[in-house]
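K.L.:
Submitted below is the structure of interest, expressed as structure tokens.
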Amino acid sequence: MLYFVARRMVSALSVVLVTLIATFALFFVAPTDPAGAICGERNCTQQRYNEIKANLHLDRPKVQQFAEYTAGIFTGRDFTTSGVTQHCAAPCLGFSFKNDRPVTEMLKSRLPVTVSLVAGYAVLVLTIGVFVGSMAAKRRGTLGDRGLMTSTLVVSSVPYYIVALMVALYLTILYPILPRGEWHPPSENIGKWFAGLLTPWLVLGIYSCTSYARYSRGSMVETLSEDYIRTARAKGLSDRVVTYKHALRSGLIPVITIFGLDVATSLGGAIFTEKIFGLPGLGVLVLDSLNSYDLPVIMGTVLVASVILVAMNFLVDISYSLIDPRVRLT
Amino acid sequence: MSTPAPEDRKDSMVESAAGESEATAAAKRGPSVATRERRQGSINPSGETPYLVVEDLAVQFPTADGLVSAVNGLSYSVPLGRTLAIVGESGSGKSVSSMAVMGLHDRKRTRITGSIRLGGDEIVGLPENELMKIRGDAVAMVFQDPQSSLHPLYTVGNQITEAYRVHHKVSKDVAKKRALEMLDLVGIPNPQRRFSQYPHEFSGGMRQRAMIAMGLVNDPKLVIADEPTTALDVTVQAQILDLLNNLQKEFGSAIVLITHDLGVVAEMADDVLVMYAGRCVEYGTAEDVLANPRMPYTWGLLESIPTVSAANERLRPIKGLPPSLLNLPDGCSFNPRCPYKDRVKGERCTTELPELLPVDGAGAHTARCHLHDKATIYAAEVAPRLS
Amino acid sequence: MSDNNTVRKVDSVPSGSTAKDSGAPLLQVRDLKMYFPIKEAAGLGRTKKVVQAVDGVSFELKAGASMGLVGESGCGKSTTGRMITRLLTPTAGEILFKGTNIAHLKERELRPFRRQLQIVFQDPYSSLNPRQTVSNIISTPLRVHNLVKKGKELDRVQELLERVGLNPEHHNRYPNEFSGGQRQRIGIARALAVEPEVIIADEPVSALDVSIQAQVMNLLEDLRRDLGIAFVFIAHDLGVVRHFCDQVAVMYLGKIVEQGSREQIYGAPQHPYTQALLSAAPDLGTIRGVPPKERIRLVGDVPSPIDPPSGCRFRTRCWKAEDICATQEPLLEPKAHSSAGHAAACHFAEPKVDLTAATA
């Protein structure tokens, strides 16, 4: 177990490092010109251009830039702009080109929004999605099963952003049945936090629940035909115990695998959700900064996203070993 | 176990089918069938009072291609302390019939008619919650492949105590004590440690022992063993067969052993029932069926097995393939493969289904075949080839 | 684990590798080994262990003969078969086919030998590609080895189907349209297509029903008789092996423990394991009034090949085991009382008769 954790840490760090290098390379080595973007097109003198470049350390060798950037994450660094020195504290991801705020600070305020959103999504798909799928599997072939599966197919064939837009428009604005999407930090008012996120959760969660219901149904149908399920029935266990104790535990394994692979997609889904419901999350941040070539912000967001991804996969692996004793954490 | 109240028998297809068969039975059955049942149903080849009585059992599955009659008109009985081996090839209905005794078929996709009585109580048509009380308690099952039949994600101890606690309202500790006792009884060394291990940490033979411990934990009156040793190695198979024999002596339960291996039958069975295409074709004591068989299919089976003690003669396989259950041949189901059908006068083999009749005019050894000089043919032609 | 001396050849092998001498074996296997490495976690590090699936197996096969490899699961019999057909590359040892060592040949050099060494698998359901017609399955090896002229392929396929007892008109069907026994015939036809000299039959009938099993056994016997194909017949069913093989090698945990002719192995087995196997095989003879004289019941299961017992690998289940068995590995060698060609790897080998309910 200890060995497993150590090994996973190493591999997690290397994934983050590779992401770091890749984003760095993409933005700084690729033919974009951040200094030009900041300087603007009209009254950009060569001198001012060079000054900006020097301030951003863009005139230094790429490797050195990368080393400085990485070192900044651990030790912090100082930036000097036009004689004024700004200190950027320890997990330093640089300053935003656009509004000169430290990227770390911007991310800090945005991260809880996205994490709340994704966590709620995970809870919804892994409970409702799996439960609905199991029910359908237990009653496979019946009208209820077919109806359920057809409706999930219908739902998942409509693009997500259309569903989200329609819900936002009709159910929260025109006919305000559901609360509007808003962000309140849970530390301030947990009730408001919940109310503000309810609609985004429901939309993102229920939309994805349909595909999770399908996965779980498939997985459960397979599990229910296993020999050991027959054994469980032969013991005299009730159908309920057989389905939700014996079959579900095995049936969950492939669903969790898919979930692990799906975390990245759900982060992508979070961008739409945040945009549509006006939540100040990472997704919106990255969209905005993409529009304005705000490279430090983009890099910071990508980095944080990769950390989230690695952490989620770590959790998935842990839960594997909890469900299946044959999976030795090695 | 209680007999179901009549109002319980209404709501499912299985039950209505069973009800119908009882109501209209007398009208539908011909007189000869009725006499056969009287002979067959309650009298065991041993003459003892049976615990399990199966009468005129039919199991049908409606499929897209039509109604599949997996079991047809099957009757047998097993007294406590005796072992009945049901022999047949894949698709003969041997497993399907025993699943019916356990009530394990999917009710929505199966029609079960006829009668299955345990200690005198009818179980065909019982509602699911009544059947649940019988399963694992009065009747237990040992399955073929212990690898796939034990839940891979629960400890062996957990699975055995669960089986005990379904039918006994006891604390976990009491159940654990019982489970440890059972593990010890089936010859698993170091039960304390084994109790908390998972099936994948057991060897094949140990898994099957654990499976047997789980089956016997409630001291069942009837044990159905479905190919219990097919997935095991020869030396382990011998151990498990010995174990089943010894446990039967100790527990005195009735055993229904389902197998395709006539060698296993010879080692285990008191009575033997041979099935072909969903029907019983020969039934009698093990000595009757194996040493004095009276049905060409049984002859064919015996002639086609290479045994460890046989010399290197050419095997005499049964020609052709078993028929599709969707499209059974007219007359005797075995007729397309039977080398003796020319010896029956007329077209009887291809037009008339032979009845299961006593081979010597009376007695408990029955066979389903139109040949009338079976004993002579066996003695003159088949027996010499077998030794 | 084993030094090179542990396995001695039973028959003296003619020196030189000219296979054309009459009487020279078609196939010689010498000290064949297959170790599979596995990784296991141990504390903070990992230990590498090996599964000694096959550990020093030697035997030979004459043209047209049939050699039976018997044993329980994990004894290495199938691995041996796969090495001989070079589906696996042995860790060590020699496979001499007509005098050429094919054990470590490269794929290109191996090709002519592949044609002559064919394998028939156990499971006729999973070993045929469900998306190819029977004709396709059988003619692929014909094309790969350039054995028939273009346009004549179908004739050859139909000829082969007829040979294995299938309707030649069914060449356009798919495997799922056939029963288990028929599929096994297709598998045999595929092996026959390239006119092999040796067929490795890996449990060819154990997935089949009794009545069908006999049909396939008879087919294999016809092929051996009519086409002079030699067989390495791998099975766990002692009855089937007795029926089909003139030479028998009994394997246990990667080693041959006893080797000899059919009569020697079944009539007077010397190794305790062989005796236990024979005694454990359920036999119809009992019901016909010829019970065997003695019943031997082994305790426990086969130990793991990852960490096999020291000395004699069978000692943990053997009723004859003494101290020497743990320290000194018994050699596979003829014993004082052996008849020619009979060898057993046991310190306390002695023949036992009447273990089966034989009437003859």
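Keep in mind that glycine also has a Cβ here, set from the backbone N, Cα and C atoms.
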K.L.:
Looking at A:54-75, A:252-273, which one does TrEMBL call transmembrane segment?
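P.N.:
It is A:252-273 that TrEMBL describes as transmembrane segment.
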K.L.:
Can you check which of A:221-244, A:293-316 TrEMBL lists as transmembrane segment?
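P.N.:
Feature transmembrane segment in TrEMBL: residues A:293-316.
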K.L.:
Please work out which recorded stretch in A:118-137, A:158-178, A:252-273, A:293-316 has the most C-beta pairs separated by under 8 angstroms from the transmembrane segment (A:190-210)?
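P.N.:
Most Cβ pairs under 8 Å with the transmembrane segment (A:190-210) come from A:118-137.
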K.L.:
State the non-local partners of the transmembrane segment (A:293-316) in its own chain: residues 6+ outside its ends, Cβ under 8 Å from one of its Cβ atoms.
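P.N.:
Contacts of the transmembrane segment (A:293-316) (Cβ under 8 Å, skipping residues fewer than 6 from its ends): 8, 12, 15-16, 19-20, 23-24, 27-28, 32, 34, 37, 93-98, 103-104, 106-107, 111, 115, 118, 256-257, 259-260, 263-264, 267, 282, 285-286.
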K.L.:
Which bits of the chain, at least 6 residues beyond where the transmembrane segment (A:252-273) starts or stops, bring a Cβ under 8 A of a Cβ in it?
P.N.:
114, 117-118, 121-122, 125-126, 130, 133, 160-161, 164, 200, 203-204, 208, 212, 215-216, 219, 279, 281-284, 286-287, 305, 308-309, 312-313, 316-317, 319-320, 323-324
K.L.:
What residues in the same chain, six or more past the boundaries of the transmembrane segment (A:118-137), come closer than 8 Å to it by Cβ-Cβ distance?
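P.N.:
For the transmembrane segment (A:118-137), the list is 144-145, 148-149, 197, 200-202, 204-206, 208-221, 224, 243-244, 247-248, 251-252, 255, 259, 263, 266-267, 269-270, 308.
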